[in-house]
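Enquirer: This is the structure I want to talk about, given as structure tokens.
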Amino acid sequence: MAVDVLLGLQWGDEGKGKVVDVLAPKYDYVARFQGGPNAGHTLIFDGHKVVLHQIPSGVFRSNITNLIGNGLVLDVIALFEKEIDKLEAFKLNLNKNLFISKKAALILPSHVELDKAYEAAKGAGKIGSTLRGIGPTYTDKVSRHGLRVGDILSPDFMDKYNKLVDQHKQILDFHKHDYSEMKEREDLFFKYIDRLRKMNLVDSEYFINDAIQSKKTILAEGAQGSLLDIDFGSYPFVTSSSTMVAGACTGLGIAPKHIGNVFGIFKAYCTRVGSGPFPTELHDAVGEEIRKQGNEFGSTTGRPRRCGWLDLPALKYACMINGVSHLLMMKADVLNAFEELQVCTHYKLGNGDIVDTLPYDMCTNDLTPVYKTLKGWNQDLSNCETFDSLPQALLDYSAFIEAELGLPITLISIGPDRKETLIKDFSFITA
């Protein structure tokens with residue numbers, strides 16, 4: 001059975017958590033394959049709003065097995081305090097349906113301090129880190145001296161921990177960074193490490209491949225967005241992991257031949273949190289209105305998101321590098337109040353060239369979006385229950401995007417609740 005992959009096509013915050021929750025009944029397994037507590041997947045259902053950071057978004061479906069894969073970096077404090085303990089109110093049986101890879105990297109308290117020190121040292125060149133210790137943890141992983149979840153089962157775990165933290169303290173001292181409060185976080189860290197030992201810790205590559213061989217339906221849930229990918233994003237303003245479909249293979253331990261559908265999620269407009277290039281960003285009242293209507297504030301940091309019009313060259317690029325098979329358009333309702341919409345179809349470079357491809361360096365200021373004006377629907381969508389009941393202007397907007405990208409839009413979200421999701425045809429999901 002194939003593994004379907006769901007990932008963001010922009011700079012994150014596209015609405016992946018909601019879509020996973022909507023599509024989850026079609027799957028036996030939901031597996032996260034990269035990122036960590038820097039991601040925030042928001043689910044709204046039955047009057048509840050829940051933000052998941054590390055736990056897969058299928059956790060609210062009792063018949064679904066959820067896996068935190070080897071590609072994640074795990075913050076055990078946040079895992080328990082912000083997720084597991086808060087989920088107790090929903091009476092979920094996490095002992096039955098949540099599994100954690102032994103190969104997932106551990107975020108140590110000293111990693112968080114390193115993140116703060118590195119970001120402060122960059123001065124005006126800050127990349128907008130969430131300061132959750134993600135980058136330093138991935139750095140230790142790549143340099144082959146990080147700690148992994150499986151290490152907590154080893155009798156020499158404390159020796160490994162102390163050795164690594166001593167190295168971190170040398171770096172922190174070099175940066176003259178005050179880490180006097182780290183001890184308090186360490187106490188919490190070890191408290192939750194003891195709880196983590198009692199969780200379902202598995203050799204996830206065998207776990208997921210056994211599920212494939214048993215013909216189970218599997219959805220790989222990405223975090224952040226393709227334009228934040230460490231290799232193909234707007235470098236250096238990127239995250240530290242592979243946010244692409246290829247990351248599902250390395251972050252779960254599955255062969256490329258097992259990849260099935262690739263669902264690419266995008267907002268009907270664009271947003272970005274933190275620093276970095278954003279060609280269609282709006283600095284006017286229109287941008288403020290989009291932020292207001294979309295409640296565009298980071299689910300992890302609370303920072304206001306930068307807002308702008310839809311960027312087709314960037315979207316086309318993300319579809320190409322991921323081999324997207326189906327497009328899912330989110331937050332169409334945010335644009336309800338606009339009589340006209342702008343869509344970026346090309347970029348004008350500083351030398352006058354007009355292109356529809358992403359330049360090597362998007363961080364230069366000589367890139368101007370070229371827009372096409374489309375008619376807005378300028379009406380409320382709350383009474384729309386099917387694709388056919390959507391206003392013609394929204395259907396035209398959708399059709400224009402489909403024609404430009406050469407891919408079908410099979411889902412349109414018209415509100416935050418799981419019920420406010422219109423699916424053209426469920427047959428596109430693996431049966």
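Cβ atoms here come from the backbone N, Cα and C positions, even for glycine.
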Enquirer: Per Swiss-Prot, which of Thr137, Thr217, Thr239 sits in the IMP site along with Asp13, Glu14, Gly15, Lys16, Asn38, Ala39, Gly40, His41, Thr130, Arg144, Gln224, Arg303?
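Expert: Among the candidates, Swiss-Prot records only Thr239 at this IMP site.
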Enquirer: Please compare the recorded positions Lys18, His41, Arg303, Arg305 by how many other CB atoms fall within 10 Å of each one's CB, and tell me which has the fewest.
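Expert: Lowest Cβ count within 10 Å among the recorded positions (Lys18, His41, Arg303, Arg305) is Arg303.
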Enquirer: Do any residues at least six apart in sequence from Gly302 (substrate binding site), in the same chain, have a Cβ closer than 8 Å to its Cβ, and if so which, in order?
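Expert: Counting only residues 6 or more apart in sequence, Gly302 (substrate binding site) has no Cβ neighbour under 8 Å.
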Enquirer: Across all the protein chains here, work out how many other Cβ atoms are within 10 Å of the Cβ of Ile414 (GTP binding site).
Expert: 25
Enquirer: To the nearest Å, how far is the Cα of Arg305 (substrate binding site) from the Cα of Gly15 (GTP binding site)?
Expert: 14
Enquirer: Rounded to the nearest angstrom, how far is the Cα of Gln224 (IMP binding site) from the Cα of Gly12 (GTP binding site)?
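Expert: A Cα-Cα distance of 4 Å.
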Enquirer: Taking every protein chain shown into account, which of the binding-site residues Gly12, Gly15, Gly40, Pro304 has the largest tally of Cβ atoms within 10 Å of its Cβ?
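Expert: Answer returned by the neighbour count: Gly12.
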Enquirer: Compare the C-alpha of Lys18 (GTP binding site) with the C-alpha of each of the recorded positions Gly40, His41, Thr130, Gln224, Pro304, and give the closest one.
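Expert: When the Cα distances are compared, His41 comes out closest.
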